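What Swiss-Prot records for this protein:
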- Ala65, Gly66, Leu67, Asp68, Lys69, Thr89, Asn142, Asn175, Lys220, Thr248, Gly271, Gly300, Tyr321, Thr322: FMN binding site (BINDING)
- Lys69, Asn114, Arg115, Met116, Gly117, Phe118, Asn175, Asn180, Asn249, Thr250: substrate binding site (BINDING)
- Ser178: active site, nucleophile (ACT_SITE)
Amino acid sequence: MFSSLYPLARASLFKMDAEDAHHLTLRALGAAGRTGLACALSARVPDAPRTVMGLTFRNPVGLAAGLDKDGAAIDGLAALGFGFIEVGTVTPRPQPGNPRPRMFRLPQAEALINRMGFNNHGVDQFVKNVQAARYRGILGLNIGKNADTPIERAAEDYLYCLERVYPFASYVTINISSPNTKNLRQLQGAGELDALLAALKDKQQRLADLHGKLVPLALKIAPDLDDEQVKEIGDTLLRHKIEAVIATNTTLSRAAVQGLPHADEAGGLSGRPVFDASNEVIRKLHAEVGNDVPIIGVGGIFSGEDARAKLAAGAALVQLYTGFIYRGPALVSECVKAIARERTA
């Protein structure tokens, strides 16, 4: 039902400020989930199970982190047919993020620019929201560091968040690739990443012993990486036996949107312009890690064929964000069906 109405809703939403529209949509989805009206949103998406990270996904098309930073609309989002939901990024303490305006549409390029800055209500409220959700599918919880935590102490924030979210997560994503937190991408450097992942894997094992279950870790990386950086990241993922990698986050490049309104705004660019760069990182990363570290492909998926291209590049699963905002829930079903056809062809 919601899929057929979305084009009308989008016309109204796109007349609003981008962030106001975002919050309005989340509030509506959250209310639908809390009141049981989510069943009215339910999309008819076929099952297409895949097992990745030791988890069985209802279908391989997920929601990327960033849409629901506080986990406040999990049930409403789950009704739209996603095979898995990822919420966050959450930080140890609440923080407002960067000053508004901080989200911009580039409709001519089917893109967004955001410099949100990990705005969220903190991990304690996040955990309460996750616990209140009725959704029992695969749920990824995405964690980051507070803006005022020195980069040299970033590991402390990740370790704290990991401990808090661990009992409630199907998997936990380590976000070190947002361009909107100062110096965060430094953690993708070989030495910094090695130290961070060593600490996280040690914590993961101790939490697994405590809770009697091993919750997989996924690392989210940027598209703005050269060949040597991709190789170093691949080597580090293999060495620490990280369970998955999400490729990719938003880009700082503006090559594909030069001259468009808002193109010069600071922040990360997402949507169609990042599609090729994301696929290139996926291909190069897959050449390094093979099937030992499953890749979750995200960036610029606007059609079923786009989703298939991500898998052809080496991804095991895909996630939607900007394409979902532009095309709505119909994109989820289209991607699942396209991938299912590929497997049966």
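The backbone N, Cα and C atoms fix where each Cβ goes, glycine too.
Annotated pair Tyr321 (FMN binding site) and Asn175 (substrate binding site), C-alpha to C-alpha distance, rounded: 16 Å. If you count neighbouring Cβ atoms within 10 Å for each of the binding-site residues Gly117, Gly271, the highest count belongs to Gly271. Calculated from their C-alpha atoms, the gap between Ala65 (FMN binding site) and Asn175 (substrate binding site) amounts to 10 Å. For the residue listed as 'active site, nucleophile', applying a Cβ distance below 8 Å and a minimum sequence separation of six or more within one chain yields Thr89, Phe118, Gly144, Leu184, Arg185, Asn249, Thr250, Gly268. Residues Lys69, Asn114, Arg115, Met116, Gly117, Phe118, Asn175, Asn180, Asn249, Thr250, recorded as contacting substrate, have a largest CA-CA distance of 16 Å.
Distance from the CA of Gly117 (substrate binding site) to the CA of Lys220 (FMN binding site) is 16 Å.
Apart from Lys69, Asn114, Arg115, Met116, Gly117, Phe118, Asn175, Asn180, Asn249, Thr250, the residues listed for substrate, the same chain places the Cβ atoms of Gly66, Thr89, Gly97, Ser178, Pro179, Thr181, Gly267, Gly268 within 8 Å of the centroid of those Cβ atoms.
Listed in sequence order, the binding-site residues from Leu67, Lys69, Asn142, Gly271 having a Cα within 10 Å of the Cα of Asn175 (substrate binding site) are Asn142. Arg115 (substrate binding site) and Lys69 (FMN binding site) are 14 Å apart (CA-CA, integer value).
Comment: FMN site residues Ala65, Gly66, Leu67, Asp68, Lys69, Thr89, Asn142, Asn175, Lys220, Thr248, Gly271, Gly300, Tyr321, Thr322; largest CA to CA distance 20 Å, whole number.
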